Amino acid sequence: MRSWMVQHTSRLEGEVRLQGAKNSVLKIMAATLLAEGRHRIENVPAISDVTVMAHLLEAVGARVSWPEPHVVEVEVPEAASLSSEPPAELVGQIRASVVLLAPLLARTGAVRLAPPGGDDFGARPIDIHLDALASLGAVATMDAGSVLVKGSPLAGAPVTLEFPSHTGTDTALLAAVTASGETIIDNAAREPEVVDLATALVSMGARIDGAGTSRIRVQGVQRLRPLRHRVIGDRVVAATYLAALGATTGRLELVGVNPRVLEILLRKLSGLGFHIEADDAGQRLVAEVTERLRAGDIQTLPYPGVATDYKPMLVAMLTRAQGVSVVSENLYSGRFRYLDELRSFGADIISEGHHVVVRGVDHLHGATAVAHDIRAGAALVVAALAAEGQSRLLGVEHIERGYDDLAGTLQRLGGQVWIEGGE
């Protein structure tokens, strides 16, 4: 069984060139199905979720190639050659498979999709996606455990999302760009990854206005062309390295992400004791931690608030802060499974409803812990770096779903992390 071994690390220092954003690239890969021809996507992270999405595209009829590192090309055939039923065994591996609904529906007129997989934390039904498609004229029925969606052609219409879900907004965008007439998406997610998808769609000839605001207008076009796009940097990965820095000490330069997309998080971290220099134009920031952090309260909110994906790593970081911190989860009800694993390191954590009370301790100790999802795994890495002695992390395949060589990057920064066991 493969595992990661982590030895106590007192300091991290160096430059991190951030990988492309997982929450952008998977949706942009799905968007290629909207147009026949050869598409090129750059700054693609080498993560297992990308591999699964590539297999999904191939399974429905596209050809995927990797002409150079971190570049993927997708050759999409004519609509008649596309399959409308992605294989259930692949769909069940990643949550982002749900965004195949809109492009396949737009190209083939009908799509059958098994339940999407990915991380399991709380209720995350696909109703918001189906409601968006229904607003544009699609009809969804349940059939043998799968959802069957029909609707061709789609027609532009008002779409009001019940919650500003970024994947729900993605689905609405992907459906609206070739629907006839105008679509107005209200209560849209404002995440940078939604803007990145919109930018990629515009490069294909889509007419989109307002991405990055709560109201997006889309004027449908009859045909799109192949895209050529560079994916933005991953802000969640940036937050992960910042949390690791806060749990240890040192100085990191993060390159390839706009500090503006991390503005509220950086403000919170500054209040805890980080020293931060941000260069928006240069897409870089420098963060330094010279002593044990102060405690502080953090709550997750839709963008531009602190993202729920940051929370597990921030909780791990705060286990060593001086004082009592309260971290509140306002988005997903069940995202606390990793707390027992953090307690195995000696963390003093109490869960009270949607709140986690973290009492900073003087010392964490090495432990064996199991990752149950991507960000929980990253949280265990943060705790293990701060813990005295040696730790063994299992379930590391979850970490590799979202992080491109996290262990190797930490090693280059001075972290004592190595991999044991086979594939």
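We count from 1, first residue shown onward.
Backbone N, Cα and C define each Cβ position, glycine as well.
The feature domain 'Enolpyruvate transferase' is assigned by TrEMBL to 7-408.
Annotation comment: TrEMBL describes Lys22, Asn23 as phosphoenolpyruvate binding site. When secondary structure is read from DSSP and collapsed to three states, Lys22 (phosphoenolpyruvate binding site) falls in the helix class. Of all Cβ atoms in the protein chains displayed, 26 besides its own lie within 10 Å of the Cβ of Lys22 (phosphoenolpyruvate binding site).
Annotation source TrEMBL lists UDP-N-acetyl-alpha-D-glucosamine binding site at Arg95, Asp309, Leu331. In the three-state DSSP scheme, Leu331 (UDP-N-acetyl-alpha-D-glucosamine binding site) falls into the coil class.
As annotated by TrEMBL, active site, proton donor applies to Asp119.
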Cβ neighbours of Asn23 (phosphoenolpyruvate binding site) where a neighbour is any other Cβ within 10 Å: 25
For Arg95 (UDP-N-acetyl-alpha-D-glucosamine binding site), the number of other Cβ atoms found within 10 Å of its own Cβ: 18
Alpha-carbon distance [Asp309 (UDP-N-acetyl-alpha-D-glucosamine binding site); Asn23 (phosphoenolpyruvate binding site)] in Å: 11
Averaged pLDDT score, the domain 'Enolpyruvate transferase' (7-408): 96
Listed in sequence order, residues with CB under 8 A of Asp309 (UDP-N-acetyl-alpha-D-glucosamine binding site) and six or more positions away: Val236, Ala239, Arg375
